[in-house]
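Colleague: One structure follows; several queries about it will come next.
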Amino acid sequence: MAESSTLNSIKPQQTQQNDEDYMGDLTKFIPTQNSQPSKPPKKIPKKPINSSFQPPNKKPKSQINWQEQKRVEKERKQLEEDQKTLENLTSEIPESNTGFKMLKQMGYTPGSGLGKAGRVDPAKARLRRERERAEKAREKAVRETRGVEELVEEFGVRQRMQWRVKRVLGSFWKAKDVLDRLENRDVVVVLSSNLKEQREQLLIDELVVHFFHVPDDFPLT
């Protein structure tokens, strides 16, 4: 009986210890917290968006606009040359000039007139631009083209005139042969085909020269 009482007294103590150990083990599952407060994350400043931003070109401008640069350089040189020419025209000839020295040796005095007209001021020069030369060349080409067109048209008219004259002469010779046969006339001279063609060609040439005033060296056939 004493042993049973001791066993009964030991069991509640063991169960109590087991309960305490079970509750104590829960602390293992709770995460530990740092004593120091956590620092807030740093904010990265955003760059302002530029609306006028343009992507860079793949090719440099020197390769893209080389024709434009060449044109600008040519215009700049032309302008400098024109300015220099105008300055030389408006400025007086210095006495150190070789031509001026030769004139003085020939008896010329500064301020006196030259020639019969007594010209004192130099003749005014006008700068010719490439556009003016191109315009004159274009007008010349137009005139030549019109001249060629007129010659072609005149040649066509002459060809048609020759064809009509040949038809008229052919009808004339046929009618003449018929009349000779009807009147029982003997044909004294019998013209061969070659002679007849030559005679017709001579008549055609005479008619063309009469109507068109063709120069002597113009080929009619």
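Here the Cβ of each residue, glycine as well, is placed from N, Cα and C on the backbone.
Dumping what TrEMBL says about this protein:
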COMPBIAS  1-17  compositional bias 'Polar residues'
REGION    1-88  region 'Disordered'
COMPBIAS  68-85  compositional bias 'Basic and acidic residues'
DOMAIN    95-116  domain 'G-patch'
REGION    106-126  region 'Disordered'
Colleague: Quick one: DSSP breakdown of the domain 'G-patch' (95-116) into helix, strand and coil?
Modeller: 8 helix, 1 strand, 13 coil
Colleague: Can you tell me how the residues of the compositional bias 'Basic and acidic residues' (68-85) break down into helix, strand and coil by DSSP?
Modeller: 18 helix, 0 strand, 0 coil
